[in-house]
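Enquirer: As annotated in TrEMBL:
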type	residues	note
BINDING	Arg48, Lys54	NADP(+) binding site
BINDING	Arg125, Ser126, Ser127, Asn244, Ala245, Gly288, Lys303, Pro304, Val305, Ala306, Thr307, Arg329	FMN binding site
Amino acid sequence: MAGNSFGHLFKITTFGESHGKAIGVIIDGCPPNIDIDEDFIQSELDKRKPGQSKITTQRKESDVAQILSGVFEGKSTGTPIAVLIPNEDQRSKDYSHIADKYRPSHADYTYQQKYGIRDYRGGGRSSARETAARVAAGAIAKLYLKSQGIEIFAHVSAVGTLEAPNLDTTNLSALLDIRESNIARCADPATANEMIALIDSIRKAGDTIGGKISTVVRGVPVGLGEPVFDKLHADLGKAMLSINAVHGFEYGSGFSGSEMQGSEHNDIFVKEEEQVRTRTNFSGGIQGGISNGMDIMFRTAFKPVATIMRDQETLNEAGDSTTISGKGRHDPCVVSRAVIIVEAMTALVLADHLLRFKAYKD
Ligand SMILES: C=C(O[C@@H]1CC(C(=O)O)=C[C@@H](OP(=O)(O)O)[C@H]1O)C(=O)O
């Protein structure tokens with residue numbers, strides 16, 4: 001049962017449905033005396049919110065975060081931080097025609113079978129709207145990590161089969177500026193333009209398309225990760241796969257590593273400026289489930305959104321065959337908004353593991 005909490009020492013619990021009164025999160029375990037920059041939290045929410053561009057859902061939410069507790073004079077107090085985000089633009093009539101039908105590949109069928117009851121409006125709890133709560137919590141985790149010298153950068157590296165070239169990741173804040181200069185959130189401007197045109201044509205055809213997000217984390221000390229079950233990459237994988245529409249996770253060389261030989265794949269240790277580094281980083285910054293001090297690198301793959309604006313064959317709750325077509329406001333491709341969700345979940349995993357790592361120290 002349950003399944004709405006994540007993390008051990010830096011722990012979150014989210015609540016709320018897409019068409020209920022509000023969504024929100026309780027963050028338990030945020031260390032005291034962290035500067036809680038509310039403008040930063042809001043700017044993170046603004047990057048995820050619906051209605052932000054022509055290639056996202058047109059639902060208009062201000063997604064203004066209300067911090068109800070745990071912060072005093074701009075700093076965390078070490079007590080639970082509760083964040084509430086009211087829902088303002090629900091349009092439940094868009095869902096009345098599918099109240100007793102199952103959208104193919106959506107959560108409709110499994111939620112109905114598991115719980116025997118389902119808030120079908122906007123997908124209820126299964127809606128990606130829930131991820132706004134994660135972004136609010138992730139922004140607080142990022143503020144803690146920043147105080148420890150850790151930075152996270154993600155961008156859209158593919159839409160469908162359209163792939164961005166590999167980036168030079170020397171300057172992550174410069175890449176962040178490029179990413180934020182386009183609505184696709186790809187840090188390669190030429191590919192970003194092609195992605196926008198592709199998503200727009202898919203939207204006009206009433207269809208949806210998947211994509212990939214690449215993430216780099218810099219400044220993580222050696223030693224984060226708790227073998228054998230809570231290996232750092234295992235927890236990152238769980239975090240990514242808990243995001244709506246995620247179908248794949250790979251770190252370092254990932255699936256392509258299975259096509260290489262050990263002599264090519266081994267990351268050779270070298271000493272640079274009195275620091276142990278590796279010449280290559282096929283390990284993606286994690287060896288034996290523990291961070292090795294190199295950049296942590298992974299990719300997350302998203303399937304195409306299930307709700308499409310075309311007639312599809314399906315079944316209703318009585319088991320009769322029928323047809324179904326999406327109505328209303330949906331994302332033709334989620335990755336441009338999901339970049340912020342990926343960063344938030346990454347921050348939550350790292351904040352939790354940093355606190356667990358510190359528990360070993362005197
Ligand atoms: C509201 C958001 O995205 C929603 C995610 C979603 C779904 O089925 O996941 C369906 C749509 O909901 P509605 O039909 O109520 O507008 C999206 O707009 C959000 O991300 O904040």
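Cβ coordinates come from backbone N, Cα and C, glycine included.
Unlike curated records, TrEMBL annotations are generated automatically.
Looking at the shown structure, can you explain where the listed features end up?
Expert: Cβ neighbour count for Lys54 (NADP(+) binding site) (all protein chains, 10 Å cutoff from its Cβ): 11.
Taking the Cβ of Arg125 (FMN binding site) as reference, residues of its chain lying under 8 Å away and at least six apart in sequence are, in sequence order, Gly16, Glu17, Ser18, Tyr111, Asp119.
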Enquirer: Calculate the distance in Å between the alpha carbons (Cα) of Lys303 (FMN binding site) and Arg48 (NADP(+) binding site), and round it to a whole number.
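Expert: Answer for this pair: 18 Å between alpha carbons.
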Enquirer: Just going by other Cβ atoms within 10 Å, which of the binding-site residues Arg48, Lys303 has the emptiest spot?
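Expert: Minimum Cβ neighbour count within 10 Å, taken over the binding-site residues Arg48, Lys303, occurs at Lys303.
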Enquirer: From the binding-site residues listed here (Lys54, Ser127, Lys303), select those whose CB sits under 6 A from an atom of ligand 1.
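Expert: Only Ser127 qualify.
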